[in-house]
Amino acid sequence: MQRIIGVEVEYGISSPSEPSANPILTSTQAVLAYAAAAGVPRAKRTRWDYEVESPLRDARGFDLGRMSGPAPVIDADEIGAANMILTNGARLYVDHAHPEYSAPEVADPLDAVIWDKAGERVMEAAARHASSVPGAPRLQLYKNNVDGKGASYGTHENYLCSRDTPFASIVTGLTPFFASRQVICGSGRVGLGQSGDEAGFQLSQRSDYIEVEVGLETTLKRGIINTRDEPHADADKYRRLHVIIGDANLAEMSTYLKVGTTALVLDLIEAGVDLTDLQLARPVTAVHHISHDPTLRKTVALADGRELTGLALQRIYLERVSKFLDREADRDPRADDIVAKWAMVLDLLERDPMECANILDWPAKLRLLEGFRNREGLAWSAPRLHLVDLQYSDVRLDKGLYNRLVARGSMERLVTEQQVLDAVTNPPTDTRAYFRGECLRRFGADIAAASWDSVIFDLGGESLIRIPTLEPLRGTKAHVGALLDSVDSAAELVDQLTH
């Protein structure tokens, strides 16, 4: 299987020494501190190229109007605008009041795990460097999606899809899937409702913030299916499915199955497999009901009158993917591995969700919380449980509860720590992220700006030179590796590419 995938995570941020600190300011400090520690001075830090971005274009065929206002800030060090492009092809920047790591494009779900996990190491270093600045507040970063005060911030997935596939088919095929996949990839949350005031535990941190079936916006009226039509690639050939319903995962199996199963269901949809019989009667309500039931026994209503659990819905998707793959002449090892792990996890969850406490986030978190509740005699309404929930997602290797579970062998990993550390500084080799990252590594001082689909060189002439990268599977090591090795300067590279 080969589908371009990208994961972007807004991290929670706090300053224990200065609780009233402005999060936009502290997020800016984190990004700038990481840049300084990486030895990238302000004058040489590549800017993000916003010219080709169109975040208000809707896949349903219209643009959401943007109210007139001041021009966007262009000073990359201004508060709230800090940005850097990393040599691994990722983007590290301030998005609203959060530091965000947007991983480079990958073509394999396991690589999505590796470069997403690399983002955790980047953020841990960013907080550490920012906190070491004399007089600066101590920062802590969390890979989660809620602040405990009613606000949610996103972990977004991106999948490159064929423009030929009707968007209505994507909505039909994915809505029941997204509603039910949280049984596997929910990260777990103490509290019910957006503010978390109602006592209890639920599967997903994001579900209570889903309010409509389909929508363009990502900060209010969030939809099960997001309609942003901004492919960051050849728009005549591709669309980018922008997924906002997912949680920030720490468990590698959760991330692997989250992106891997979604990619396989997209294969079904693009092949024209009929999934209309799985339509939900009340999709938004189903999202909430499935999340609020850690027993996994409650059912949701389908449009045809059937009642199914989230597990049962996932089982149907698994069966249809398996049947689809059985028709393929050449078996794909990655697809087979995802299907095998998908089936294994569903079997374990059906028998006892706690059997997944060493591989999935929400059961791991629930086991920690239940142990703490039993030792301390706490009800689910106890405020201390919210602190345990938060500490699970702390990115510090010695403090975060998830990381401590890994250290003592209580959470299984799918990748090695060396693979993750290599990915902090190196790009994937089989997507255009390789070209972007290697250009930054070799010729960073000569690059004025970059984006997902272009690299802009400043060679000292009257005009900047934009090299488009509209094909995500070009610009790979196989495609441009020898060329990059054969040139000694950015000018020579640009000359080779343009003549």
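Note: Cβ is positioned from N, Cα and C throughout, glycine not excepted.
The model shown is predicted, which means the values in this text are computed figures rather than measured ones.
Among the candidates Glu8, Glu10, Glu18, the residue that Swiss-Prot names alongside His156, His242 for the Mg(2+) 2 site is Glu8. The annotation in Swiss-Prot ties Gly6, Val7, Glu8, Val9, Glu10, Ser102, Ala103, Arg240 to ATP, and of the candidates under consideration, Asn158, Asn358, Asn374, Asn403, the one tied to the same site is Asn158. For the pair formed by Glu10 (ATP binding site) and His156 (Mg(2+) 2 binding site), distance between Cα atoms is given as 9 Å, rounded to the nearest Å. The ATP site in the record is lined by Gly6, Val7, Glu8, Val9, Glu10, Ser102, Ala103, Asn158, Arg240, and its two most distant CA atoms lie 19 Å apart. Look at Ala103 (ATP binding site): DSSP puts it in coil. Tyr93 (Mg(2+) 1 binding site) has Glu8 as its nearest neighbour among the binding-site residues Glu8, His156, Arg240, His242, going by CA to CA distance.
Within 10 Å of His156 (Mg(2+) 2 binding site), counting C-alpha to C-alpha distances, fall the following of the binding-site residues Gly6, Glu8, Arg240: Gly6, Glu8.
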